[in-house]
Amino acid sequence: MGPLFSYAALAWFLATIFSLLLLWLGKKSQVYDQDVHDLKNHRQVVTLGGLGIYFAFWTAFYFFNPSFFLVQSLLALFLASTLVLITGILDDLYNLKPWLKSAGVLLAANIIYFWANVSFSTTLLPTVSDSLFQIITYLLTMVWIFLMTNAINLIDGLDGLASSVTLISLITLIVTTYFFSISISLSILVMLLILSGAILGFIPFNWQPAKIYLGDTGALFIGFMYASLSVTNLKNASFYSLAVPVLIYLVPLFDAFFAVLRRFMTGKSIVVADHDHVHHRLLRLGLKEWQVVAIMIFITLLFSSLAILTQLFASARQYILMGAMALVLLLLLIMIRINKTSKKD
(Lines of atoms letter the chains of each structure in order from A and count residues from 1; the text may use other names and numbers.)
(Lines give C-alpha, C1' and ligand atoms only; values in the text may rest on other atoms or scores of the structure.)
Protein backbone atom coordinates (compact mmCIF):
# COMPACT_ATOMS: atom_id res chain seq x y z
CA MET A 1 0.00 0.00 0.00
CA GLY A 2 3.01 2.26 0.57
CA PRO A 3 3.49 3.37 -3.06
CA LEU A 4 -0.18 4.34 -3.25
CA PHE A 5 0.38 7.06 -0.67
CA SER A 6 2.41 8.94 -3.29
CA TYR A 7 -0.86 9.70 -5.10
CA ALA A 8 -2.38 11.01 -1.87
CA ALA A 9 0.72 13.18 -1.41
CA LEU A 10 0.36 14.47 -4.97
CA ALA A 11 -3.29 15.31 -4.31
CA TRP A 12 -2.29 17.14 -1.11
CA PHE A 13 0.31 19.18 -2.99
CA LEU A 14 -2.05 20.00 -5.86
CA ALA A 15 -4.89 20.95 -3.51
CA THR A 16 -2.55 23.29 -1.66
CA ILE A 17 -1.47 24.97 -4.91
CA PHE A 18 -5.01 25.14 -6.29
CA SER A 19 -6.33 26.57 -3.01
CA LEU A 20 -3.71 29.32 -3.10
CA LEU A 21 -4.59 30.02 -6.72
CA LEU A 22 -8.34 30.11 -5.99
CA LEU A 23 -7.70 32.37 -3.02
CA TRP A 24 -5.87 34.82 -5.26
CA LEU A 25 -8.42 34.60 -8.08
CA GLY A 26 -11.34 34.85 -5.66
CA LYS A 27 -10.03 38.06 -4.12
CA LYS A 28 -9.22 39.50 -7.52
CA SER A 29 -12.65 38.62 -8.94
CA GLN A 30 -14.43 39.30 -5.62
CA VAL A 31 -16.09 35.88 -5.49
CA TYR A 32 -17.01 36.07 -1.83
CA ASP A 33 -19.41 34.46 0.60
CA GLN A 34 -20.49 36.28 3.74
CA ASP A 35 -19.16 34.82 6.99
CA VAL A 36 -22.49 34.32 8.80
CA HIS A 37 -20.69 34.14 12.17
CA ASP A 38 -18.95 37.50 11.74
CA LEU A 39 -21.73 39.73 10.44
CA LYS A 40 -20.68 42.56 12.75
CA ASN A 41 -17.36 42.98 10.98
CA HIS A 42 -18.78 41.99 7.57
CA ARG A 43 -15.94 39.54 7.00
CA GLN A 44 -16.07 38.14 3.50
CA VAL A 45 -14.51 34.81 2.58
CA VAL A 46 -13.55 33.48 -0.85
CA THR A 47 -15.84 30.64 -1.90
CA LEU A 48 -15.74 27.87 -4.55
CA GLY A 49 -12.88 26.18 -2.68
CA GLY A 50 -14.23 22.83 -3.82
CA LEU A 51 -12.83 23.53 -7.27
CA GLY A 52 -9.32 23.00 -5.92
CA ILE A 53 -10.28 19.64 -4.39
CA TYR A 54 -11.97 18.55 -7.63
CA PHE A 55 -9.00 19.40 -9.86
CA ALA A 56 -6.49 17.97 -7.38
CA PHE A 57 -8.48 14.73 -7.17
CA TRP A 58 -8.88 14.05 -10.87
CA THR A 59 -5.38 15.26 -11.77
CA ALA A 60 -3.81 12.92 -9.20
CA PHE A 61 -6.02 10.05 -10.35
CA TYR A 62 -4.94 10.69 -13.94
CA PHE A 63 -1.34 10.11 -12.86
CA PHE A 64 -2.43 6.81 -11.33
CA ASN A 65 -4.42 5.73 -14.40
CA PRO A 66 -3.87 7.93 -17.49
CA SER A 67 -6.33 5.85 -19.51
CA PHE A 68 -9.22 5.98 -17.03
CA PHE A 69 -11.32 7.79 -19.65
CA LEU A 70 -11.41 4.51 -21.57
CA VAL A 71 -12.96 2.63 -18.64
CA GLN A 72 -16.72 3.10 -18.71
CA SER A 73 -17.25 2.97 -14.94
CA LEU A 74 -14.47 5.47 -14.23
CA LEU A 75 -15.59 7.77 -17.02
CA ALA A 76 -19.14 7.65 -15.66
CA LEU A 77 -17.89 8.61 -12.19
CA PHE A 78 -15.86 11.46 -13.67
CA LEU A 79 -18.86 12.80 -15.62
CA ALA A 80 -21.23 12.40 -12.67
CA SER A 81 -18.86 14.14 -10.24
CA THR A 82 -18.37 16.95 -12.76
CA LEU A 83 -22.15 17.37 -12.99
CA VAL A 84 -22.36 17.59 -9.20
CA LEU A 85 -19.51 20.12 -9.21
CA ILE A 86 -21.28 22.28 -11.82
CA THR A 87 -24.49 22.07 -9.79
CA GLY A 88 -22.59 23.33 -6.76
CA ILE A 89 -20.95 26.16 -8.71
CA LEU A 90 -24.32 27.34 -10.03
CA ASP A 91 -25.78 27.20 -6.53
CA ASP A 92 -22.87 29.16 -5.06
CA LEU A 93 -23.10 31.83 -7.74
CA TYR A 94 -26.83 32.02 -8.44
CA ASN A 95 -28.51 30.35 -5.43
CA LEU A 96 -30.34 27.58 -7.27
CA LYS A 97 -33.80 26.53 -6.18
CA PRO A 98 -33.66 23.40 -4.00
CA TRP A 99 -35.40 21.21 -6.58
CA LEU A 100 -32.84 22.14 -9.25
CA LYS A 101 -29.94 21.30 -6.96
CA SER A 102 -31.61 18.02 -6.03
CA ALA A 103 -32.19 17.23 -9.70
CA GLY A 104 -28.48 17.70 -10.44
CA VAL A 105 -27.47 15.26 -7.69
CA LEU A 106 -30.08 12.67 -8.70
CA LEU A 107 -29.08 12.89 -12.36
CA ALA A 108 -25.46 12.26 -11.35
CA ALA A 109 -26.60 9.31 -9.22
CA ASN A 110 -28.41 7.84 -12.23
CA ILE A 111 -25.27 8.19 -14.37
CA ILE A 112 -23.17 6.07 -12.05
CA TYR A 113 -26.01 3.62 -11.43
CA PHE A 114 -26.59 2.82 -15.10
CA TRP A 115 -23.10 3.42 -16.55
CA ALA A 116 -20.81 2.47 -13.68
CA ASN A 117 -22.96 -0.26 -12.11
CA VAL A 118 -22.70 1.48 -8.76
CA SER A 119 -25.59 0.13 -6.73
CA PHE A 120 -26.62 -0.66 -3.20
CA SER A 121 -28.37 -3.89 -2.32
CA THR A 122 -28.84 -5.75 0.93
CA THR A 123 -29.52 -9.26 2.14
CA LEU A 124 -31.97 -7.78 4.64
CA LEU A 125 -34.67 -7.63 1.95
CA PRO A 126 -37.23 -10.44 1.84
CA THR A 127 -37.24 -12.79 -1.15
CA VAL A 128 -38.85 -10.94 -4.06
CA SER A 129 -38.98 -11.22 -7.83
CA ASP A 130 -35.99 -10.06 -9.88
CA SER A 131 -37.86 -7.07 -11.29
CA LEU A 132 -38.99 -5.90 -7.85
CA PHE A 133 -35.49 -6.47 -6.46
CA GLN A 134 -34.04 -4.25 -9.21
CA ILE A 135 -36.55 -1.52 -8.42
CA ILE A 136 -35.75 -1.69 -4.71
CA THR A 137 -32.00 -1.70 -5.43
CA TYR A 138 -32.39 1.36 -7.66
CA LEU A 139 -34.40 3.26 -5.03
CA LEU A 140 -31.98 2.34 -2.24
CA THR A 141 -29.05 3.53 -4.35
CA MET A 142 -30.72 6.85 -5.14
CA VAL A 143 -31.62 7.42 -1.48
CA TRP A 144 -28.12 6.48 -0.30
CA ILE A 145 -26.31 8.77 -2.74
CA PHE A 146 -28.75 11.66 -2.34
CA LEU A 147 -28.72 11.48 1.45
CA MET A 148 -24.95 11.06 1.77
CA THR A 149 -24.25 13.85 -0.73
CA ASN A 150 -26.50 16.36 1.00
CA ALA A 151 -25.57 15.36 4.55
CA ILE A 152 -22.09 16.86 4.30
CA ASN A 153 -23.55 20.00 2.72
CA LEU A 154 -25.85 20.47 5.71
CA ILE A 155 -23.01 20.53 8.26
CA ASP A 156 -20.84 22.86 6.17
CA GLY A 157 -21.70 25.80 8.39
CA LEU A 158 -18.58 26.31 10.49
CA ASP A 159 -14.96 26.84 9.54
CA GLY A 160 -13.25 23.49 9.06
CA LEU A 161 -16.23 21.39 10.18
CA ALA A 162 -17.30 19.64 6.97
CA SER A 163 -13.75 19.15 5.69
CA SER A 164 -12.52 17.72 9.02
CA VAL A 165 -15.46 15.35 9.50
CA THR A 166 -15.15 14.12 5.92
CA LEU A 167 -11.39 13.59 6.21
CA ILE A 168 -11.81 11.47 9.35
CA SER A 169 -14.61 9.50 7.66
CA LEU A 170 -12.49 8.86 4.57
CA ILE A 171 -9.47 7.70 6.56
CA THR A 172 -11.68 5.31 8.52
CA LEU A 173 -13.23 4.02 5.30
CA ILE A 174 -9.71 3.44 3.92
CA VAL A 175 -8.81 1.38 7.01
CA THR A 176 -11.98 -0.74 6.86
CA THR A 177 -11.68 -1.19 3.09
CA TYR A 178 -8.01 -2.18 3.07
CA PHE A 179 -7.88 -4.40 6.13
CA PHE A 180 -11.35 -5.91 6.31
CA SER A 181 -12.91 -6.03 2.82
CA ILE A 182 -13.06 -9.45 1.20
CA SER A 183 -12.26 -8.01 -2.22
CA ILE A 184 -10.52 -4.69 -2.78
CA SER A 185 -10.81 -2.56 -5.89
CA LEU A 186 -7.44 -0.86 -6.36
CA SER A 187 -9.06 2.09 -8.13
CA ILE A 188 -11.52 2.63 -5.27
CA LEU A 189 -8.74 2.44 -2.68
CA VAL A 190 -6.60 4.93 -4.60
CA MET A 191 -9.58 7.27 -5.00
CA LEU A 192 -10.18 7.21 -1.25
CA LEU A 193 -6.51 8.00 -0.62
CA ILE A 194 -6.47 10.77 -3.22
CA LEU A 195 -9.65 12.39 -1.92
CA SER A 196 -8.22 12.32 1.60
CA GLY A 197 -5.01 13.92 0.38
CA ALA A 198 -6.90 16.63 -1.51
CA ILE A 199 -9.02 17.53 1.52
CA LEU A 200 -5.90 17.55 3.73
CA GLY A 201 -4.34 20.09 1.37
CA PHE A 202 -7.45 22.27 1.58
CA ILE A 203 -8.05 22.17 5.34
CA PRO A 204 -5.34 24.68 6.41
CA PHE A 205 -7.15 27.35 4.38
CA ASN A 206 -10.54 26.37 5.79
CA TRP A 207 -9.81 26.36 9.51
CA GLN A 208 -11.00 29.26 11.64
CA PRO A 209 -10.74 31.97 10.59
CA ALA A 210 -11.35 30.48 7.15
CA LYS A 211 -9.66 32.08 4.17
CA ILE A 212 -11.71 30.04 1.71
CA TYR A 213 -14.94 28.06 1.88
CA LEU A 214 -15.81 24.72 0.31
CA GLY A 215 -19.07 26.21 -0.89
CA ASP A 216 -21.77 23.93 -2.25
CA THR A 217 -19.19 23.32 -4.98
CA GLY A 218 -16.95 21.39 -2.61
CA ALA A 219 -19.49 20.07 -0.10
CA LEU A 220 -21.59 18.41 -2.79
CA PHE A 221 -18.53 17.05 -4.60
CA ILE A 222 -16.90 15.39 -1.60
CA GLY A 223 -20.27 14.19 -0.32
CA PHE A 224 -21.06 12.63 -3.70
CA MET A 225 -17.65 11.00 -3.95
CA TYR A 226 -17.93 9.55 -0.45
CA ALA A 227 -21.41 8.22 -1.25
CA SER A 228 -20.25 6.69 -4.54
CA LEU A 229 -17.07 5.12 -3.17
CA SER A 230 -18.70 3.78 -0.01
CA VAL A 231 -21.61 2.19 -1.87
CA THR A 232 -19.23 -0.03 -3.86
CA ASN A 233 -18.78 -2.13 -0.70
CA LEU A 234 -22.53 -2.48 -0.23
CA LYS A 235 -23.49 -5.07 -2.81
CA ASN A 236 -25.51 -7.73 -0.99
CA ALA A 237 -24.76 -5.82 2.20
CA SER A 238 -25.56 -7.45 5.52
CA PHE A 239 -26.73 -5.47 8.53
CA TYR A 240 -23.17 -5.33 9.86
CA SER A 241 -21.51 -4.22 6.61
CA LEU A 242 -24.20 -1.56 6.18
CA ALA A 243 -23.51 -0.29 9.69
CA VAL A 244 -19.87 0.55 8.91
CA PRO A 245 -20.31 3.55 6.54
CA VAL A 246 -23.32 4.73 8.56
CA LEU A 247 -21.28 4.80 11.78
CA ILE A 248 -18.37 6.48 10.00
CA TYR A 249 -20.63 9.19 8.56
CA LEU A 250 -22.94 9.44 11.56
CA VAL A 251 -22.38 13.12 12.39
CA PRO A 252 -23.66 14.52 9.06
CA LEU A 253 -26.33 11.78 8.82
CA PHE A 254 -27.59 12.52 12.33
CA ASP A 255 -27.76 16.22 11.53
CA ALA A 256 -29.63 15.52 8.27
CA PHE A 257 -32.10 13.22 10.05
CA PHE A 258 -32.67 15.75 12.83
CA ALA A 259 -33.16 18.55 10.27
CA VAL A 260 -35.77 16.59 8.29
CA LEU A 261 -37.56 15.54 11.49
CA ARG A 262 -37.54 19.10 12.83
CA ARG A 263 -38.87 20.63 9.63
CA PHE A 264 -41.53 17.95 9.23
CA MET A 265 -42.79 18.45 12.79
CA THR A 266 -42.93 22.24 12.38
CA GLY A 267 -44.60 22.08 8.97
CA LYS A 268 -41.63 23.59 7.11
CA SER A 269 -40.29 22.43 3.76
CA ILE A 270 -37.56 19.83 4.24
CA VAL A 271 -35.51 21.34 1.38
CA VAL A 272 -35.47 24.96 2.61
CA ALA A 273 -32.31 25.92 4.50
CA ASP A 274 -32.44 27.14 8.08
CA HIS A 275 -30.12 27.94 10.97
CA ASP A 276 -31.25 25.24 13.37
CA HIS A 277 -28.66 22.57 12.66
CA VAL A 278 -26.76 20.89 15.47
CA HIS A 279 -23.80 23.25 15.21
CA HIS A 280 -26.09 26.31 15.21
CA ARG A 281 -27.81 25.13 18.39
CA LEU A 282 -24.49 24.49 20.12
CA LEU A 283 -23.36 28.00 19.21
CA ARG A 284 -26.53 29.44 20.73
CA LEU A 285 -25.65 27.72 24.00
CA GLY A 286 -22.64 30.04 24.18
CA LEU A 287 -19.95 27.70 22.91
CA LYS A 288 -17.21 29.13 20.72
CA GLU A 289 -16.99 28.06 17.10
CA TRP A 290 -13.78 26.06 17.59
CA GLN A 291 -15.35 24.28 20.57
CA VAL A 292 -18.34 23.20 18.49
CA VAL A 293 -16.04 21.94 15.72
CA ALA A 294 -13.96 20.06 18.31
CA ILE A 295 -17.09 18.39 19.72
CA MET A 296 -18.24 17.30 16.26
CA ILE A 297 -14.76 15.97 15.44
CA PHE A 298 -14.67 14.03 18.73
CA ILE A 299 -18.05 12.43 18.01
CA THR A 300 -16.88 11.51 14.49
CA LEU A 301 -13.72 9.92 15.91
CA LEU A 302 -15.79 8.04 18.49
CA PHE A 303 -18.19 6.48 15.98
CA SER A 304 -15.41 5.85 13.46
CA SER A 305 -13.60 3.90 16.17
CA LEU A 306 -16.76 1.89 16.81
CA ALA A 307 -16.98 1.13 13.08
CA ILE A 308 -13.44 -0.27 13.13
CA LEU A 309 -14.18 -2.26 16.30
CA THR A 310 -17.12 -3.98 14.58
CA GLN A 311 -14.60 -5.30 12.06
CA LEU A 312 -11.89 -6.19 14.56
CA PHE A 313 -14.16 -8.08 16.94
CA ALA A 314 -16.69 -9.86 14.77
CA SER A 315 -18.01 -11.98 17.63
CA ALA A 316 -18.92 -8.86 19.62
CA ARG A 317 -20.43 -6.86 16.76
CA GLN A 318 -23.95 -6.94 18.13
CA TYR A 319 -22.81 -5.54 21.48
CA ILE A 320 -20.73 -2.81 19.84
CA LEU A 321 -23.68 -1.80 17.68
CA MET A 322 -26.00 -1.85 20.68
CA GLY A 323 -23.59 0.54 22.38
CA ALA A 324 -23.50 2.72 19.27
CA MET A 325 -27.30 2.84 19.12
CA ALA A 326 -27.42 3.77 22.80
CA LEU A 327 -25.03 6.66 22.08
CA VAL A 328 -27.21 7.78 19.15
CA LEU A 329 -30.25 7.76 21.44
CA LEU A 330 -28.30 9.76 24.01
CA LEU A 331 -27.33 12.31 21.35
CA LEU A 332 -30.97 12.57 20.28
CA LEU A 333 -32.08 13.20 23.87
CA ILE A 334 -29.35 15.83 24.25
CA MET A 335 -30.54 17.54 21.06
CA ILE A 336 -34.12 17.58 22.35
CA ARG A 337 -32.86 19.12 25.58
CA ILE A 338 -30.83 21.72 23.69
CA ASN A 339 -33.88 22.49 21.56
CA LYS A 340 -35.98 23.19 24.66
CA THR A 341 -33.20 25.31 26.18
CA SER A 342 -32.79 27.42 23.02
CA LYS A 343 -36.55 28.03 22.86
CA LYS A 344 -36.56 29.31 26.46
CA ASP A 345 -33.70 31.67 25.62
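Including glycine, each Cβ sits where the backbone N, Cα and C put it.
Caution: TrEMBL annotation is automatic and unverified by curators.
Annotation comment: TrEMBL describes 6-25 (among others) as transmembrane segment.
Per TrEMBL, transmembrane segment is recorded for 45-64 (among others).
Feature annotation from TrEMBL assigns transmembrane segment to 70-90 (among others). Residues 48, 50-51, 54, 58, 96, 100-101, 104-105, 107-109, 111-112, 115-118, 149, 187, 215-221, 224-225, 228 of the same chain lie 6+ residues outside the transmembrane segment (70-90) yet bring a C-beta within less than 8 angstroms of a C-beta in it.
For 102-120 (among others), the entry in TrEMBL reads transmembrane segment.
As annotated by TrEMBL, transmembrane segment applies to 132-149 (among others).
Just so you know, the Cβ of Asn153 (Mg(2+) binding site) picks up 26 other Cβ atoms within 10 Å once every protein chain is counted. In this structure, Asn153 (Mg(2+) binding site) is part of a helix by DSSP. The Mg(2+) binding site annotation in TrEMBL covers Asn153, Asp216.
Taken from TrEMBL, the feature transmembrane segment covers 161-180 (among others).
Taken from TrEMBL, the feature transmembrane segment covers 186-205 (among others).
Only residues 6 or more beyond the boundaries of the transmembrane segment (212-231), in the same chain, are considered here, and those with a CB under 8 A from a CB of the stretch are 19, 22-23, 26, 33, 45-51, 53-54, 57, 77, 80-81, 84-85, 87-89, 91-92, 101, 105, 108, 112, 118-120, 141, 144-145, 147-153, 156, 162-163, 166, 169-170, 173, 188, 191-192, 195, 199, 202, 205-206, 245, 248-249, 252. Taken from TrEMBL, the feature transmembrane segment applies to 212-231 (among others).
Only residues 6 or more beyond the boundaries of the transmembrane segment (237-261), in the same chain, are considered here, and those with a CB under 8 A from a CB of the stretch are 120-124, 147-148, 150-152, 154-155, 162, 165, 169, 172-173, 176, 223, 226, 230, 270, 274, 276-279, 296, 299-300, 303-304, 306-307, 310-311, 317, 321, 324, 328, 331-332, 335. Look at TrEMBL and you will find 237-261 (among others) tagged as transmembrane segment.
Annotation comment: TrEMBL describes 290-313 (among others) as transmembrane segment.
Residues or ranges marked as transmembrane segment in TrEMBL: 319-338 (among others). Listed as Cβ neighbours of the transmembrane segment (319-338) (distance under 8 Å, sequence separation of 6 or more from its ends, same chain) are residues 240, 243, 247, 250, 254, 258, 278, 281-282, 285, 299, 302-303, 306, 309-310, 313.
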Seminar exercise, completed: The answer for the transmembrane segment (45-64), taking Cβ pairs under 8 Å and residues 6+ beyond its ends, is 7-8, 10-12, 14-15, 18-19, 21-23, 26-27, 31-35, 78, 81-82, 85, 88-89, 92, 190-191, 194-195, 197-199, 201-202, 205-206, 210-222, 225
Problem set entry | Residues from the same chain, set at least six apart from the ends of the transmembrane segment (132-149), whose C-beta lies under 8 A from its own | 84, 102, 105-106, 108-110, 112-113, 118-122, 125, 220, 223-224, 226-228, 230-231, 234, 249, 253, 256
Exercise. Can at least 3 Cβ pairs under 8 A be found between the transmembrane segment (161-180) and the transmembrane segment (290-313), with each pair 6 or more apart in sequence?
Worked result: yes
Exercise. Which residues of the same chain, at least 6 positions away in sequence, have a Cβ lying under 8 Å from the Cβ of Asp216 (Mg(2+) binding site)?
Worked result: Gly50, Thr87, Gly88, Ile89, Asp91, Asp92, Lys101, Asn153
